[in-house]
Every structure is written in structure tokens, then in C-alpha cells.
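In what follows, a single structure is set out as C-alpha cells and then discussed.
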Amino acid sequence: MGRFRGGLRCIKYLLLGFNLLFWLAGSAVIAFGLWFRFGGTIKDLSSEEKSPEYFYVGLYVLVGAGALMMAVGFFGCCGAMRESQCVLGSFFTCLLVIFAAEVTTGVFAFIGKDVAIRHVQSMYEEAYSDYVRDRGRGNGTLITFHSAFQCCGKESSEQVQPTCPKELPGHKNCIDKIETIISVKLQLIGIVGIGIAGLTIFGMIFSMVLCCAIRNSRDVI
């Protein structure tokens, strides 16, 4: 009986430690998602009328999952401390929802990467063509692109030189820069999503083991 209670206490503390880590991870995920959405390249592109909204879907899901992670982390601590099977069962269900959301984010980031790259490149191509035909059209859009991606023009920057960043050292092809930057950012989002999904698996295992241990301890009593 003493060993059983000791094992139950050990599982409970493991779950408490997991929930603390999960709460901190949720805070980090929210900060990460908001930084990606409202900072740097993405912030500049979002000001454009033709900015691809689907490009942000993965980030919105990531931020939402982060907020849910923080709430669930607190919820899980309460369930572990009270040794409540009902609360632990609800905690498991919430983790399952987070797992599905994070896997969706990761898969969306990896699968939708090429589509997002082509869409942003086509936006740049259109703004570039408008500016070449008429210097009054596409001017603001090109400046936004060149500033966000720190690039200038395509094969050459001569036709769009007035819209290029003054501090830019030499010529950098925007088509190539768009592909590189978006690819890296979406891969990072995908890795974070899959990583958090992997973390939730441990939480689900701990919660089910503790729930079963609590039920068995009550049966023994």
C-alpha cells in the first residue's frame, strides 16, 4: 500500500512538473506567434490590400493553441492536486484538442509553403509590372516588399531603383529572397507546431496513468 501511494505521488508530481512546463511553453508559443504576425516581414506585408490571409492561418491557430495551453496547464495542476478523475479526464480531452491543432499547424506550414511562396511572388511580380508601366502605380507596394525582404528588383534593380532601400548593399533578387525567407519562417512554424504536439503526448500519458492510479487506489481502499 505504501509503495502504491508513493508511486501515485510520484506520478502526480510528474504531471505537476509537466503542467508547469506546458504553461511556460504556451506563453512562449503566444509570444512566438505574435512576433511572427506583427513583427518584421509579416507585419509589412499585412498592410497590403492583396496580402494573402491564408498565409496567417497557421499563426492564428498557433496563438490560439498557445492560449489554450496556458489555460490547460493551470487546469491540469488543479486536477493533479485534487486527484480528481473528472478534471483529469477533461484535461486529457483538452490536450487532445491542442494536439490536433498543433499537428494541423505543422502540416499546414509544411504543405502550404510552396503555395504561400508562389502567391507572394505573384504579388511582387504584379507590383513590379505596374511600377514599370506607370511609376505612380505599385510604388508603395514595391517599397513595402523591398523594405520587408531587404531586396531590390528581379534580375536587375535598374528599373525600380528609386523604391529600393538606401542601406541595401548591392543587388538582391526579390524573387529569390521571398522564397528563402518565407520557406524558413514556415518551416520554423511547422517545427514549433509538431514539437508542441509531441509534448502534449507526454501530458496525455501522465494524465491517464494518474487517473487510472487514482481509481485503483480507491478500489483498494
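Backbone N, Cα and C define each Cβ position, glycine as well.
Keep in mind it's a predicted model, so treat the numbers as computed, not measured.
Feature annotation from Swiss-Prot assigns N-linked glycosylation site to N139. N139 (N-linked glycosylation site) has a Cβ environment of 16 other Cβ atoms inside 10 Å. According to DSSP, N139 (N-linked glycosylation site) is assigned to a helical segment.
Annotation comment: Swiss-Prot describes 1-13 (among others) as topological domain 'Cytoplasmic'.
Positions annotated as topological domain 'Extracellular' by Swiss-Prot: 35-54 (among others).
The annotation topological domain 'Cytoplasmic' is assigned in Swiss-Prot to 76-90 (among others) on the grounds of sequence analysis. Long-range Cβ contacts of the topological domain 'Cytoplasmic' (76-90) within its own chain (Cβ-Cβ under 8 Å, at least 6 residues beyond either end) map to 12, 15-16, 18-20, 22, 203, 207-208, 210-211, 214-215.
Taken from Swiss-Prot, the feature topological domain 'Extracellular' covers 112-188 (among others). Mean pLDDT, taken over the topological domain 'Extracellular' (112-188), works out to 84 on the 0 to 100 scale.
For 210-221 (among others), the entry in Swiss-Prot reads topological domain 'Cytoplasmic', with the evidence type sequence analysis.
If you look up Swiss-Prot, you'll see 14-34 (among others) marked as transmembrane segment, on the strength of sequence analysis.
Among the features that Swiss-Prot reports, transmembrane segment is placed at 55-75 (among others), with the record citing sequence analysis.
Annotation comment: Swiss-Prot describes 91-111 (among others) as transmembrane segment.
Sequence annotations record features per position, and here Swiss-Prot assigns transmembrane segment to 189-209 (among others) based on sequence analysis.
Tertiary neighbourhood of the transmembrane segment (14-34): same-chain residues 59-60, 62-63, 65-74, 76-77, 80-81, 192, 196, 199-200, 202-203, 206-207, 210, selected by CB-CB distance under 8 Å and a gap of 6+ residues from either end.
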